[in-house]
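Working notes, structure below.
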Amino acid sequence: MSHSAEPIPMTARRSGPLKGEAKVPGDKSISHRALILGALSVGETHITGLLEGQDVLDTAKAMQAFGAQVERLGTGEWKVNGVGVGGFAEPEGVIDCGNSGTGVRLIMGAMATTPVTATFTGDASLSRRPMGRVTDPLELFGCEVTAREGKRLPVTIKGAAEPVPVRYKTPVASAQIKSAVLLAGLNAPGETVVIESEPTRDHTERMLAGFGATITTEVTDEGRVITLKGRPELVPQPVAVPRDPSSAAFPVAAALIVPGSEIRVPGVSRNPTRDGLYVTLLEMGADITFENPREEGGEPVADLLVRHGPLKGVTVPPERAASMIDEFPILSVIAAFAEGTTLMQGVHELRVKESDRIAAMVAGLRANGASVEDTDDTMTVQGTGGLSGGATAVTHLDHRIAMSFLVGGLASEQPISVDDGSPIATSFPDFLPLMTGLGGQIG
Ligand SMILES: O=C(O)C1=C[C@@H](OP(=O)(O)O)[C@@H](O)[C@H](O)C1
Ligand SMILES: C=C(OP(=O)(O)O)C(=O)O
């Protein structure tokens, strides 16, 4: 479902010290995958901690449309009765993935090797994003694809009746491309191989292994070579979704820049393929400790203790980009509050997210008094220890742009507004109560 057409303007103002516990929602990437793998298993998958953001709700609805039974049992607690690999039914209506790149791309992969036809749509943001990066490799399995000009949505896929396995080297670092190919490979006889030159988030590989698929990852000169044996019977597993490090980034950032703050963020995933922001913040001198490290639901997690303190600018190397790809908008705000230059390299993929995130951050930060420069592949922020604020940032249907500027407004001299905070509901529906509960002035 596309989110409400009505924009919701929001404003954040300078706040006193943030204190307390920030229980951020379940991981968005893992939530999508839990629903999709649940739908591809035979029997019942029990999920706890599922993110109930619009992106994930749209994936839940899509899995129902393909024939799985999906039921909400309580807050974050869901069960899925799956149809098995190759068991997807043909949906009666169009599959509307709303704002979600992960949803649409992974579901296209999951259905591409089953002989059913489906049409995918999304909101204005998703309809601008490139789908060829996924439909090109899916065609190699034998499915037929029709798309709008530029390989954009709406896209119709006629799934392959006799799929063949594929060996595919991803042209850009993207877990969505890797995952789409692996999910398609599930119903292709033989071995499907994905090669990625730079590691990206590995939740699909972890969860497929957890559900009983034979999947191996080998590190070679070419990069990570992931091999999946097709036609497994996936066995439902309970999935305990850890809290999302990409959502945690917002209260963490707020505590780092608002003087006197001290907050705790419990149970956050510390998967090394998602950890780049935290590595970077420690290099900037951030006061973050990772307490009680443990394993939950097959993922490493820890409780974060975050205190305000001085920060210095750093250079983020290009090879770290994939492990923090969704965190550059909020890092660019933190960088404005640091002393010195922060250079972010290898960030061209930000141009094809829910918005062109480099353009959106450069425009909004400049309007609010920061000195920022960009090239196609880099963003540079001259940190001055603060931000003047006083302007409205345009969010372009992008949740991370909205949350980044609202966090900045908690510590800037003048308030910062966003033209539309409604997309926040895609990934962090309780952002507002959570931030105000810590003492943040946002409304
Ligand atoms: O696989 C996933 O769950 C995701 C992969 C990333 O996208 P790309 O694969 O396009 O880099 C990321 O930006 C997105 O928020 C979630
Ligand atoms: C890029 C993002 O999501 P998606 O690609 O799933 O729309 C994100 O959540 O920052």
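From the backbone N, Cα and C atoms, a Cβ is placed for every residue, glycine too.
Annotations in TrEMBL come from automatic prediction, not curation.
TrEMBL has this to say about the protein:
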{"type": "REGION", "residues": "1-25", "note": "region 'Disordered'"}
{"type": "DOMAIN", "residues": "15-433", "note": "domain 'Enolpyruvate transferase'"}
{"type": "BINDING", "residues": "Lys28, Gly101, Arg129, Gln176, Arg357, Arg400", "note": "phosphoenolpyruvate binding site"}
{"type": "BINDING", "residues": "Lys28, Ser29, Arg33, Ser174, Gln176, Asp326, Lys353", "note": "3-phosphoshikimate binding site"}
{"type": "ACT_SITE", "residues": "Asp326", "note": "active site, proton acceptor"}
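Structural mapping of features recorded in TrEMBL.
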residue	record	DSSP class
Lys28	phosphoenolpyruvate binding site	helix
Arg33	3-phosphoshikimate binding site	helix
Gly101	phosphoenolpyruvate binding site	helix
Arg129	phosphoenolpyruvate binding site	coil
Gln176	phosphoenolpyruvate binding site	helix
Asp326	3-phosphoshikimate binding site	helix
Lys353	3-phosphoshikimate binding site	coil
Arg400	phosphoenolpyruvate binding site	helix
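Counting residues 6+ beyond its ends, the region 'Disordered' (1-25) has Cβ neighbours under 8 Å at 51-54, 57-58, 61, 96, 98-99, 122-123, 243-244, 247-248, 250-251, 254-255, 258-268, 308, 392, 402, 405-413, 415-423, 425-430, 432, 434, 437-443 in the same chain. Here the domain 'Enolpyruvate transferase' (15-433) has a mean pLDDT of 98 out of 100. The binding-site residues near ligand 1, defined by a Cβ under 6 Å from one of its atoms, are Ser174, Gln176, chosen from Arg33, Ser174, Gln176. In this structure, none of the binding-site residues from Ser29, Arg33, Arg129, Ser174, Arg357 has a C-beta falling under 6 Å of any atom of ligand 2.
Comparing C-alpha positions, Arg33 (3-phosphoshikimate binding site) sits nearest to Gln176 among the binding-site residues Gly101, Arg129, Gln176, Arg400. Here the binding residues for phosphoenolpyruvate are Lys28, Gly101, Arg129, Gln176, Arg357, Arg400. Their largest Cα to Cα distance works out to 19 Å. Within 10 Å of the C-beta atom of Gln176 (phosphoenolpyruvate binding site) sit 24 other C-beta atoms, taking all shown protein chains into account.
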